[in-house]
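Per TrEMBL, these features apply:
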- 34-56: region 'Disordered' (REGION)
- 40-49: compositional bias 'Basic and acidic residues' (COMPBIAS)
- 97-129: repeat 'ANK' (REPEAT)
- 130-162: repeat 'ANK' (REPEAT)
- 225-257: repeat 'ANK' (REPEAT)
- 258-290: repeat 'ANK' (REPEAT)
- 322-342: region 'Disordered' (REGION)
- 365-388: region 'Disordered' (REGION)
- 365-374: compositional bias 'Basic and acidic residues' (COMPBIAS)
Amino acid sequence: MAEHGELLGEMATIGRLSATERLKHAQKRRAQQLKGWAQMDKDMARGEGKAGQNKGRTRRVVFPDNITLLEAAARNDLAEVRELLNGGVSPDLYNEDGLTALHQCCIDDFVELVQCLLDAGANVNACDSELWTPLHAAATCGHTGLVQLLVQSGAELLAVNADGNMPYDLCEDEATLELLEMVMAEQGITQDRINRCRGAKEMNMLTDLRVLVQNGADLNAQDDNGTTLLHIAAANGYLSVGELLLEHRAKVEQKDMDGWTPLHAASCWGQILMVEQLVAHGASLNTKSVLEETPLDVCADEEVRAKLMELKHKHDAIMKSHDRHKGTLQRRASSTGSRGKVVRRVSVNERSSLYRREHHKEAMVWQERGRQAEPQDDDEDRQTDNELHQHSHIFPYGYCSGSIWTSRRPYMATWWLFRLCVETYRYQYYSVQ
């Protein structure tokens, strides 16, 4: 069969051939091609030729030991797992999620494989990336036999995962839960000890934080992902740590590389008490991440979502009330700040007429009472009226009408006269401003 270079070299010659000659040449080349393919088939059948020579150099796909072991365990292939372990493969190898073969077998209830791995020295308290132990997995799935086997092999009953849960917290199967409680009682585990174990990590972080505060460290420092101490406290629900950070002015709105605030973290991991604490210290419910997500958007827990909605409604109501109150204060300030303009709306004649009517009504009341008094008081009243008339020229605008001063109580008339003069003066003063 002609090589590629030979075919390219003869293209110019073929172009000068007639149609009949080109057809014959093409048939010749096709016959050579078919002959070559037939020979290749024979060589492959006899294991010879180029295909046979390359067969010895064929490469196999080789997987890492951790993948091989976990895949064999997931298939419940006891023989292959034993072969791998006997070949020196560690039983504690794990995948990218920290899951070991023992975790996988506890999930799938492969009792024989679990025993095989334990006999090979597998760590019975190995933790994955979420701090789940094999006992967490077996208890959650309700595999009573495996739980008993793990406990007998030294599994930690009070191991706490990333969510703060122990194996018995996650167990819903009655028989398995009864077994766990019985074993815990036999080991003398009390509620006080459970609480100490559950809060140990928070207390350790709180102790470290106090040292940082004493040394004047930056409490808003971020790691490579932009995470702060408040993000960590919020995600784990460490209320005491969060309170100390907030007391020392940790930034409640600090964002990480994804644009998440501590409130996003608390909402995502269902830390309802932490949500309340952050909001009480001014965390915004409307802050958006890089993906335009608010804390409510990243929350999957229904109880926490309800709390977020409640806090949002309360916040909106407070803001609306504040805006209304602020508007009222602004209008009142505007009114009291322009008293002169209000006074000018009433003319001198109008104000004089207003006070004259008020004083006249008051005088009529006192006149009615005067008619009912003894006759011997008439001389005294007339004397008082004459004295008042003599001094009436000192008040402007002639407001001192004689009818006002026929009262039997001159101090009342003097009070009204004094008010009238003061109001007249105030009007005159503000009118010239």
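Cβ from N, Cα, C; glycine included.
Beyond the ends of the repeat 'ANK' (258-290), by six or more residues, the same chain brings 163, 226, 228, 230-231, 233-239, 242-243, 246, 252, 296, 298-301, 303-304, 307-308, 311-312, 315 to within a C-beta distance below 8 angstroms of the stretch. Note on the repeat 'ANK' (97-129): DSSP counts are 17 helix, 1 strand, 15 coil.
DSSP assignment over the repeat 'ANK' (258-290) gives 16 helix, 0 strand, 17 coil. If you take every residue in the repeat 'ANK' (97-129) and average the pLDDT, you get 96.
Under DSSP, the residues of the repeat 'ANK' (130-162) split into helix, strand and coil as follows: 17 helix, 0 strand, 16 coil.
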